[in-house]
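Chemist: Structure provided below as structure tokens; questions to follow.
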Amino acid sequence: MEVFLQQLINGISLGSIYALIALGYTMVYGIVQLINFAHGDVYMVGAYLGFFATAILGWPFLPALLLSMVVCAILGMVIEKLAYTPLRNAPRIAALITAIGVSLFLEYGMMLLVTPQVRTFPQVLPEVQYKLLGNLVITNRQIIILVVTIALMLLLQYIVHKTKIGKAMRAVSHDKQAAQLMGINVNKTISATFAIGSALAAAAGVLVGIYYNAINPLMGIMPGLKAFVAAVLGGIGIIPGAMTGGFLLGIVEAMVSGYGKSLYRDPVAFVILIIILIVKPAGLFGKNVREKV
Amino acid sequence: MLKVEDVHVYYGAIHAIKGISLEVPQGQIVTLIGANGAGKTSTLNTICGLIKPKSGRITFEGKDITGMATPEIVKMGLTQVPEGRRIFANMPVYENLELGAFLNKNKKEVAEAMENVYTRFPRLRERKNQLAGSLSGGEQQMLAMGRALMSKPRLLLLDEPSMGLSPILVKEIFSIIKELNEQGTTILLVEQNAKMALSIAHRGYVVETGRIVLAGDAKELLESPEVKRAYLGG
Ligand SMILES: Nc1ncnc2c1ncn2[C@@H]1O[C@H](COP(=O)(O)OP(=O)(O)O)[C@@H](O)[C@H]1O
Ligand SMILES: [Mg+2]
């Protein structure tokens, strides 16, 4: 029971990271039906920006988080404009291959810029451990990860449901032509979606830097794939699905490690992917509907 | 008010519109009739900028709108109720209407426009919090029309508003179209239901395989032997 509760706490922290990255996957898929495989690398760039702000500029946590989110939002829009917009009407496979190209470009471009060496995040938030109910431990960093994640999710829900750009995003993802007839600028809306998704990934990158302390240019690959699994698990294109899928995946992974099977931690995510694709391909929150034509 | 001159549209290698010209005078109902695949939807979509024509010219209230982006055209007071309604099924009725006034930043005007729509379509008011996808076909058509009216268009394009509706509902929809026109909205109506369309229209055009084959006063078209044979069943 104690292992279970402890791993639940750890799993929620890890799951927050997956959920934040998964949101970007799912929002972008929802609006342009593209699996943006470069998304995990935007998370990596976000971590480096957090490192730059804290280690080099000496900024505290919150301003560093904001800087990273803003710069990655711009990066996301630039990637969309340069790499994906020209392929809007091309076959999907062309966009998918381009996404892989962008991913490699970001990974090896970053290596060229900062070397492949692992960087250690400065101790912007010295770790404090709190004991709960006997031997359960929760750290201040875990609390911050959860608080920041929940705050960002609430902000996202507000944007998507209450603001004009959020309404435009939902309209465009439902029907681009009808959205245009409402006077909605589809290009701007898609751009905003990339910006928001990338900013969330950047936040995840900074949080991971603070939680695990170490970052490197290839750090986005595995979490990127797992966040993709989380998005599919929840139902790709569905925002609450990505949130739930992220937390679930984080918790399952933490349980697998906690019960002494850490070697199976990575495979378990992909086993989940295979099972969900067989049993309920639309995901936990998805309705099994025919593909729109 | 609207002038379409020698417009050609291609889908890849398919030459769908082969030089269509038509005119919609202010205050009138003009109808475009023709069989399935004749090019009616392509014509409307080209007018509102959803498709770019290969050649030809479209002017609205004297301004060249050829190749202009759809949101710009909507802003000028021209919008379309698309074929198949294309409502936002996963949003409630009121949100669909709000989206119809997307370009209007004045909250008070939007609220007034919504009130007008609810007055015109009381059934939408009753169902304003219901998901649009759960409405019946007739209600969805009303929602699609109400949504378009939210932008207060001066010219409204309607693509087969009677499609899939029962005869009673078709009558209701047509009387609403007539009423809208009498209250000052100019209308370009696309229909396969030629008889109904010509009976409320001032002018009509008949399209066949991407070309206008007949044009004239609606009453005369209704009487013309060609139209009778091809579209009115004898
Ligand atoms: N997106 C498209 N791609 C290729 N061909 C199309 C497309 N849309 C319409 N067409 C073709 O253009 C012609 C006119 O279609 P359309 O304008 O939809 O006719 P209508 O509205 O009169 O039924 C048809 O032959 C149709 O097959
Ligand atoms: Mg049609």
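For all residues, glycine too, the Cβ spot is worked out from N, Cα and C.
Automated prediction, rather than curation, is the source of TrEMBL annotations.
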Chemist: Can you identify, from A:59-77, A:268-286, the stretch that TrEMBL calls transmembrane segment?
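Modeler: In TrEMBL, the transmembrane segment feature sits at A:268-286.
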Chemist: Please determine whether the transmembrane segment (A:192-215) and the transmembrane segment (A:12-35) are in contact (criterion: at least three Cβ-Cβ distances under 8 Å, sequence separation 6 or more).
Modeler: yes
Chemist: Go through the chain and flag residues at least 6 beyond the ends of the transmembrane segment (A:138-160) whose CB is under 8 A from any CB in it; none is fine as an answer.
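Modeler: For the transmembrane segment (A:138-160), the list is 9-10, 12-13, 16-17, 19-20, 23, 61, 65, 125, 127-130, 132, 166, 169-170, 196, 200, 203, 207, 210-211, 239, 243.
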Chemist: So if I exclude everything within five residues of the ends of the transmembrane segment (A:12-35), which remaining residues of that chain have a CB under 8 angstroms from its CBs? That is, six or more out.
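Modeler: Distal contacts: 42-43, 76, 84, 88, 92, 95-96, 99, 141-142, 145-146, 148-149, 152-153, 156, 169, 172-173, 189-190, 193-194, 196-198, 200-201, 203-204, 207-208, 211, 223-224, 226-228, 230-231, 234, 236-239, 241-251, 253-254.
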